[in-house]
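Chemist: I am attaching a structure below and will ask some questions about it afterwards.
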C-alpha cells in the first residue's frame, strides 16, 4: 500500500512541476521600463546588490525617478506546433 501512495505523490509532484514550468515559460521579466513608469522597489540609498536581492532592477542614470524598480512582466505567446 505504501508503494501506491509513493507513486501517487510522485505523480502529483511531477504534474505540479510541469504546470509551474509552463507558467514560467509563459512570462518573462525585463528591466526595460520607461522612467516615468517605474514602480519603486527600494528605499533611499539602496545599492544595486540590495535591489537585485529583492528581484528588482537598478538604473541610476535618470534623476528624479526610482532607481530600484520592479521589472515589467511580459506574456510570451506559446509556440505553435507546425503541422506538416
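Glycine residues also receive a Cβ, built from the backbone N, Cα and C atoms like all the rest.
Per Swiss-Prot, the features are:
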type     : residues : note
SIGNAL   : 1-24     : signal peptide
DOMAIN   : 29-72    : domain 'P-type'
DISULFID : 31-57    : disulfide bond
DISULFID : 41-56    : disulfide bond
DISULFID : 51-68    : disulfide bond
Chemist: Which one is closest to residue 31 (disulfide bond) in space, judged by CA to CA distance, out of the disulfide-bonded residues 41, 56, 68?
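Modeler: When the Cα distances are compared, 56 comes out closest.
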Chemist: Pop the Cα-Cα gap between residue 68 (disulfide bond) and residue 41 (disulfide bond) into the table, whole Å please.
Modeler: 5
Chemist: Using a 10 angstroms cut-off on Cβ to Cβ distances, just flag whichever of 41, 51, 56, 57, 68 is the loneliest among these disulfide-bonded residues.
Modeler: 41
Chemist: Expressed to the nearest Å, what is the distance separating residue 68 (disulfide bond) and residue 57 (disulfide bond) at their Cα atoms?
Modeler: 6
Chemist: Quick one: give me the count of other CB atoms within 10 A of the CB of residue 31 (disulfide bond).
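Modeler: Result for residue 31 (disulfide bond): 13 neighbouring Cβ atoms inside 10 Å.
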Chemist: Helix, strand or coil for residue 51 (disulfide bond)? Use DSSP.
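Modeler: Note: residue 51 (disulfide bond) is helical by DSSP.
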